Amino acid sequence: MQGVRRGEMSSCSSWAAMPILYSGSVVTGLWLVYFMAIIDEQIAPFGSTYSCQSESFQPPYISMAGNYPPASCILGQVMNLAGYGGVVLFCYRFFQVKPRLKEVWLNVSALVANCINCFGMTLAGNFQYAADPTIHNIGAWLSFVVGSVACWLETWITIKIDIKNEGMKIGIIRALLSGVITTCMVLFTVLDAQGDCTSAVPLEWALVMFIFLFYGTFAVEFRHSRFETTCTDTCPSTKVTSCRPSQQ
């Protein structure tokens, strides 16, 4: 696979839809989990009065919304999509950046951080809080903490590679998003530790929404690239296909 620049600024690769579809699907799925839990009266809706210690009418954390079926089944599917789909997206991002960035360690670090983030998503989705709170929380914090680090790394990469001279513009937007993500994560951690779930719940939802909004911005660079998969046989007598980037 190779990320290849498009010849004209006005042209737009269909690969730009990939980050948008990914982020849009996950966000839609999470809100579906929320509304399903509301319908089944498992959590309190936003804006209502609820107790953080209530077991019958729980605060609308994402974890609480996906505690019991059928909402838990949907959450598991959504988080699996987010995890495995995210790995694919971030691998394409890695190959897009690879020929443009001299600091290989930076590109590799971003890929590793993003993949750890995806692994955390699958843990949080497949181990419901009611079933195993320890593993669920480990997965959630891998997503939140490592995910925020990955956002800062991607922001740094964006400015350094400066695709089509758009690096500074989109870099500033991503820096603002990364700052909001980090702020939400810190405030959520503090307020949740203090037991102030009324304030912590909106911050958790905002944190997750901003993370996937950040991933959706990859469409800006993806619109300048297209990706190909090529295969060559190691046997010199048999050639499957040539391995060269396709330029336009």
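Glycine is treated like the rest: Cβ placed from N, Cα and C.
TrEMBL lists 15-224 with the feature domain 'CWH43-like N-terminal'.
Summarising the annotation, TrEMBL assigns transmembrane segment to 20-39 (among others).
Counting same-chain residues at least six beyond the ends of the transmembrane segment (74-92), those with a Cβ under 8 angstroms from any Cβ of the stretch are 1, 3, 15, 18-19, 22, 25-26, 29-30, 32-33, 36, 62, 65-66, 110-111, 114-115, 117-119, 121-122, 124-126, 128, 215, 218, 222, 227. According to TrEMBL, the feature transmembrane segment maps to 74-92 (among others).
Annotated transmembrane segment per TrEMBL: 104-126 (among others), in sequence order. Using a Cβ-Cβ cut-off under 8 Å and counting only residues 6 or more beyond its ends in the same chain, the transmembrane segment (104-126) has close neighbours at 63, 66, 75-80, 82-84, 86-87, 90-91, 93-94, 97-98, 135-136, 138-144, 146-147, 149-150, 153-154, 156-157, 160.
Residues 63, 93, 97, 101, 106-107, 109-110, 113-114, 116-117, 119-125, 127, 167-168, 170-171, 174-175, 177-178, 181-182, 185, 188, 207, 211, 214, 221 of the same chain lie 6+ residues outside the transmembrane segment (138-159) yet bring a C-beta within less than 8 angstroms of a C-beta in it. TrEMBL lists 138-159 (among others) with the feature transmembrane segment.
Under 8 Å from some Cβ of the transmembrane segment (171-191) lie the Cβ atoms of residues 144-145, 147-148, 151-152, 154-155, 158-159, 197, 199-200, 203-204, 206-207, 210-211, 213-214, 217, all in the same chain and six or more residues away from its ends. Look at TrEMBL and you will find 171-191 (among others) tagged as transmembrane segment.
Summarising the annotation, TrEMBL assigns transmembrane segment to 203-220 (among others).
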